[in-house]
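As recorded in TrEMBL:
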DOMAIN    7-395  domain 'Major facilitator superfamily (MFS) profile'
TRANSMEM  12-39  transmembrane segment
TRANSMEM  45-70  transmembrane segment
TRANSMEM  77-98  transmembrane segment
TRANSMEM  104-122  transmembrane segment
TRANSMEM  143-165  transmembrane segment
TRANSMEM  171-190  transmembrane segment
TRANSMEM  219-242  transmembrane segment
TRANSMEM  254-273  transmembrane segment
TRANSMEM  280-299  transmembrane segment
TRANSMEM  305-326  transmembrane segment
TRANSMEM  347-366  transmembrane segment
TRANSMEM  372-392  transmembrane segment
C-alpha cells in the first residue's frame, strides 16, 4: 500500500509516532544532560560513568519486565505511565542540579530510576505499532518509526549543544523531562481496538509464556543472538576505533561526514520503503544484511575517504532494509498477545551487545591493532549475518512495503 503524505497514515499511528518521537528524544538527550551536569559541577569521568551507567543498568535489568507489562495491560497505558514516571524522575534531577546539588548517590539513584522507567517504553511501543495500522502498512509504518529513531539519535547531540548556548545543563535536563511529559500526552491520544492482553493470567505464567514464545522458535532466538553479535562488533569498532583511524589516515575532521553518509543511507532506505508500492521480501532483507559490515571492513582494509563515504552509505541502506523487514516479520509471525515479551528479548540483545562491544574493543585493539580489530569485527558481522539468514530461511514470506 502506497502513501504520499503523513496524513494518509491512520490517526492512531500518527499519535504513536509523535509520542515515540518525543520519548526517543528524551531518551537520547537524557545521558547527555546528565553527563554535562556532572561536568559542570566539577565531576570526573569516573562519576559520569557511574551515573550514566546506572541509567543503562536500569534499562538492561527491567526491559524484560517491560515486555511482560506490554502484554498484560493496554500498551498505550503502559506508554503513558512510563512517560509520566520518566518525566517525574528527570524533573527531580533537574530540580536537584539547578539547586546546586552534585552528590553522586542521589544522581545515581535518580538515573537508575529513569532508566527503569524508560525500559518499559520500547517493548510497549513496538508491540503497539501493529495495532495502529493495517497489516499491509506495517513495513512503511516500521520504516517511519525507525527513521524517527535514527534521526533523533543523530540530532540529539547537536540539539543539546544549541540548548547549552543559552542555558545551563540543568535546564537541558528540565527540557528532557518536558519531552517525556509531552510524550505521555501524545500516547494518551492513541485509540486502538482492545488487545488480547489479559490480567487473569498469573504473572509467573506470563513470564513462562514469554520464555516459551522466545525459546521454542529456533529461528527467533538464533536471529536475536546473531543480531546481538552484530551489535557487539559494530558498536565496538565504529564509535570507538573509527575516530582513531580517521585521525591516523584521512583526518578526524572528516569523520563526521562518513557518519553522515551512513545516516543518509538509513534515511534514503526508509523513505523509499515508505513511498514505494513494491513488496520487500525477507530474502531481500537477508541479502542486504551482510552489507552492514561494509564500513568496518573498508575502514580496516582501505581507509580512503571517498570509498568510506560509499561504504557508509551502503551500510546504512543495508541496516535499514533489514531492520524494517525484521520488525515486520516479528509482527507477522509472533502472536499479538506475546509480542511485547518477544520484543523485550530483542531489545535485551541490543542493550547487552552495545556496551559489551565498547568494553571489549579496548583490550582487543591493544593486543592486536585497530585495523586488525576492524577487519575481525567486520568478518564476524558477515558471519553473524549469514547465520541470521540461515535461521530465517524458513520464514521467507513477502511483506508489503507500501
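Quick reminder: no glycine exception, Cβ is built from N, Cα and C everywhere.
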Spatial neighbours of the transmembrane segment (347-366) far in sequence, C-beta under 8 Å, 6+ residues away: 56, 59-60, 63-64, 67, 122-123, 126, 224-225, 227-237, 239-241, 372-373, 376-377
Counting only residues 6 or more past its boundaries, what in the same chain has a CB within less than 8 Å of a CB in the transmembrane segment (104-122)? 23, 27, 30, 34, 37-38, 43, 47, 50-52, 54-63, 65-66, 69-70, 78-79, 81-83, 85-86, 89-90, 92-93, 96, 343-344, 347
Can at least 3 Cβ pairs under 8 A be found between the transmembrane segment (143-165) and the transmembrane segment (305-326), with each pair 6 or more apart in sequence? yes
Does the transmembrane segment (219-242) reach the transmembrane segment (372-392) with at least 3 CB pairs under 8 A, where each pair is 6 or more residues apart? yes
Going through 171-190, 305-326, 372-392 one by one, which has the most CB pairs that fall under 8 Å from the transmembrane segment (280-299)? 305-326
Taking the transmembrane segment (254-273) as the first stretch and the transmembrane segment (171-190) as the second, find out whether 3 or more Cβ pairs fall under 8 Å, excluding pairs closer than 6 in sequence. no
Do the transmembrane segment (12-39) and the transmembrane segment (171-190) share at least 3 Cβ pairs under 8 Å, sequence separation 6 or more? yes
